[in-house]
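Q: So TrEMBL says this about it:
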type	residues	note
ACT_SITE	B:H86	active site, proton acceptor
BINDING	B:I88, B:N141, B:D142, B:N197	Ca(2+) binding site
SIGNAL	B:1-15	signal peptide
Amino acid sequence: MASKILVLLVPLAAFVFQSLFQPRVRFGDHNHVYNHVPGTCRLVEGVVHGAEDIVRTRDGLAFISTGMKPPPAFNPDPWYLQAVGKILLFDLKKPEDGVRELKIEPEEILSEGLGPHGLGLYENYAGEIRLFVVNHHKEGDRVDIFRYVRPEAKLQHVRSVRDPLLHSVNDVLATGTDAFFATNDHYCHAPWAMKLERFLGLAWSNVVYFNGTTASVAADGFSIANSIATPPSGDLVYVSDTLQQHVRVFRRLPDHSLELQRVIPLFTGVDNLNICPETGDLWVGAHPSVSDTFSHIRDRRHLAPSQVLRIQNAAGEYPEVTELYANDGRQLSGSTAAVVYNRRLLIGTVVDTLLYCDIMVPM
Amino acid sequence: MSRAVVLVLAVASSAFVLNHVAKLLMATGMLKHVYNHAPGTCRFVPGAEQGSEDIAMTSSGLAFISSGAKKLSILPKSVEEDFMPHGISVYEDDHSGEVRLFVVNHAKGHQERVEIFRFDADSNSLYHIKSIAHPLLYSLNDILAIGHESFYASNDKYTTGLYTRMAETWFLLPWSNVVYYSGGEATIAADGLVYANGISLSPGGKLVYVADFTSGVVKIYHRRDDNTLLFSRDISIHSSVHKICVDPASGDLWVGAHPSAFHLAEHLKDASRPCGSQVLRIENPAGENVTVTEMYSDDGRWLWGSSIGCYHEKQLLIGTINHKLMHCTVDLPL
């Protein structure tokens, strides 16, 4: 009898142990986060409801999305629901000026309630700057395309793109004045289904391409396709998968579908990607412990670790990964994005603040 | 009824075993991923390729390094023939200016000794003064010189046999200790450690810091007038802590650590296998707000098996058990 019990017990214990540990390893509970900075860092004043995504122009103008309200599926802390969605501007040539809120025309966009998430930037050599904003509008997810009017520091709405294929949009990568790639971070719609999708690690998240008129699926099979970036050459596309803890490197085919080349494992909850236009380096905002970030969203007092990674030679066979910033949550919780311009670093978070650092270590 | 008892016992014991396995996994750092970053520009110091396990610094910034390769002249030469150095410590006599070096020697035939040398700067030599052996000094690791011939020493394990020592490790047995020796007498100053490694002294001489390698903590003890140690607190490092270097100017602790004891063990078996390195800085170790900052981290890209990091005036010297010696500028604000 005892041997029968053991025969049952051992595999049961193993299964329980494995399923208890596996998601925890995936969610990053096992790694202790050590604090370190690349130089002097300070919080940017006036940003209290997150800075989920940051993109910058070639001359150091950073656009920041703030005030994202976490969806009900995450049981968010009521404090976050007081947030008002906005787009902020931070000039990395003049960091002492801090952030300013950008005017948006028409006003209805803001008064209706802007739910900004990921950002994409289109910049051409004629000087036109377009900001693509993932908007969790109350009527459904859409991508709003704005023209940035520099002298008046305002965003002029051009068009809103809605499509059945854009249903759980996280980030957007502009590829033309009206064209873009977008990530859908989940397949399911219902909150309980999204939770299950994450916990079971179902790989149903995808990347969609919009050519200006129609949308199509460009790649799928992601656990959580989060962010998307492309080097200046435009032939490759990088997509981060938060739960699989890596960046996928794709070759962009003529029909805009994506062909997987290789994967860059990062062993952390990868969030937003930014490309340095001068060097091609990938700047990565990440969550060393995704489960702590989720807890932080449920309760703002719960701290979540933060991390910024730099990937050199991302397109090559042997990318080099350096950790530029790490924090256990006491200085910054839930980092999502990072941009660098001229040894100046900006780090954004889901629902916390915005951090500015002067980089003193050699680059 | 008895079936239920058997079931309960089976579940309880498997839970206990699983929990112990989990503790071991965490202690070995096998699940950890190590990232790379440096505080400034780093380069290898030429001429130190066979390890630099311990570094002892004088107040003027002169560093003694215990290494597989012996570079300083040791006199008399006969001492060199039976010399396998491990932990070292510097004793500076404020009145006479004499600099003494205490070295743990794993001499031939499993003899554990402490060798005391006098350093002669003019001839760059170490003159042997005395060998100290005592039954309580049986598994020596590091040493902390307190007086001309008195010191604290760590015994990293209790037993000396190969398999019993392995058992001590795998069962996480807390049988390691710290001994105080003076004038021919030795006493156990602190025990209950799992693997006492580096020992260091605070600038005022009132606190003794001991690295517990397997537990991944720095233990802080108050040093009483009679040289006994009173346990104060643990600072968790979550890495295998090796040796501690105290910055005399700030009282900060600079700790050399191994992010993964598992990979370190592989590296020690085969020196061509890489392993990671880590140097941490602990500010305000005895105070209310202890701050731990990771100053250097390496997954094996450059430096393998860091055991110690010593800071002096915007420079960091990192020693390894079996690899090279690294010098970094510290460009970060401290």
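Just so it is clear, glycine is given a Cβ too, placed from its N, Cα and C backbone atoms.
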Q: Quick check for the class: what is the C-alpha distance, in angstrom and rounded, between B:D142 (Ca(2+) binding site) and the residue listed as 'active site, proton acceptor'?
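A: For B:D142 (Ca(2+) binding site) versus the residue listed as 'active site, proton acceptor', the Cα atoms are 7 Å apart.
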Q: Return the residues near B:N197 (Ca(2+) binding site) by Cβ distance under 8 Å, restricted to its own chain and a separation of at least 6 in sequence.
A: B:N141, B:D142, B:S154, B:D156, B:V210, B:A211, B:D212, B:F213, B:V241, B:H242, B:K243
Q: For B:I88 (Ca(2+) binding site), which residues of its chain lie six or more apart in sequence with Cβ-Cβ distance below 8 Å?
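A: When sequence neighbours closer than 6 are ignored, B:I88 (Ca(2+) binding site) has B:D54, B:I55, B:A56, B:F64, B:S66, B:L101, B:F102, B:V103, B:V104, B:I143 within Cβ distance under 8 Å.
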Q: Can you tell me whether DSSP puts B:H86 (active site, proton acceptor) in helix, strand or coil?
A: strand
Q: Beyond B:I88, B:N141, B:D142, B:N197, what residues of that chain have CB atoms within 8 A of the centre of the Ca(2+) site's CB atoms?
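A: Nearby residues not in the site list: B:D54, B:H86, B:G87, B:V104, B:L140, B:I143, B:S154, B:D156, B:G198, B:I199, B:K243.
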Q: Output, ordered by sequence, the same-chain residues six or more apart from B:H86 (active site, proton acceptor) with a CB under 8 Å from its CB, or 'none'.
A: B:E53, B:D54, B:S66, B:V103, B:V104, B:N105, B:H106, B:L140, B:N141, B:D142
Q: So how many other Cβ atoms are close to B:D142 (Ca(2+) binding site), meaning within 10 Å of its Cβ?
A: 31
